[in-house]
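Taken verbatim from TrEMBL:
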- 12-36: transmembrane segment (TRANSMEM)
- 48-72: transmembrane segment (TRANSMEM)
- 84-109: transmembrane segment (TRANSMEM)
- 130-149: transmembrane segment (TRANSMEM)
- 179-206: transmembrane segment (TRANSMEM)
- 234-256: transmembrane segment (TRANSMEM)
- 262-284: transmembrane segment (TRANSMEM)
Amino acid sequence: NATSYDIMATIIVTLQTFAGMWINAFIVSVLCITWVKKKIFNSNEKILLFLGCSRFWYLCIIWVYTIFSINYPWCFYVHPIPQIFVAIQSFLNCSNLWVSACLCVFYCIKIANFRHNFFIYLKVRIDRMVPWLLLASVLFSLVICILVFDITNEMHSNILNSTISGNFWQLSVRMDDHFFTTFFISGFGFAIAFLTVICSALLLLFSLWRHKRKMQTNSAKNLSMDAHMKAMKFILSFSFIYSINFMCLVLTLIYSMKENPLLFLILVFQCAFPVVHSLTLIFSNPKLEKTLLRTLSCVKCKVCMR
């Protein structure tokens, strides 16, 4: 018997997740079609493709989890359904955050101008490093996934054993230990990704400031200035969105053990992050933007003809 709150939550999450899934599926399809046609796949497109795939499945898992938790809550009492859901969601969420951070680092290294030897080395080798960065993101997310699954599974076993024996004080102590371990691991990963994004934005801002001081009137430096400004707008907007998402992740860790109406609002913001940032990616990429506008104009023409 669904309440009005359950119906509203289902509708809101469904609209958000389906919009995000459509947007990220659009990014993936455009990049795959381009790759098939031109047989060329640059580093930026590799990151965008991986990011689009991880966000598509992340939103899909969130939608399935929300529908089942509202309409079929008894499923989460069956072992190992809750452990699998939590582990998959942790893997996709970490992949989403770390690949987003890799994208910011890629833009920073490609566009920023520093004369330090290490930075020049990174600028030359960044295209070769991108597959390894993506692989490292997957491996780190996989480690988090396995740890979360083991911790959740062990916590579930302790709950059953303590419930049977009637030792509820020991149960609460064990739950606190498991949750602390999970929160520490998740918070550590979130904090590193967040600091990576902020450092990339600050480095690019410093490079822009230095370049503006040395800029002259020749066209090459004007083009470099334009590239700096476009990348700076993208990374600053992404840093703002990422900061809100990071706050939501921290609040989720704080309120996850309590029944709080704030959790639904946090879930709404977390679902909005892949949607808004993917739209930012589309409008910051000329190829994706032109394809989207062409697609929307074709759909509009077909609707008008009907």
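Keep in mind that glycine also has a Cβ here, set from the backbone N, Cα and C atoms.
Stretch with the largest number of CB pairs closer than 8 A to the transmembrane segment (130-149), among 84-109, 234-256, 262-284: 84-109. Outside the transmembrane segment (262-284) by six or more residues, the chain places 9, 12-13, 16-17, 19-20, 23-24, 26-27, 48, 51-52, 55, 58-59, 62, 66, 96, 100, 230, 233-234, 237-238, 241-242, 244-245, 248-249, 251-252, 255-256, 292 with a CB less than 8 A from a CB of the stretch.
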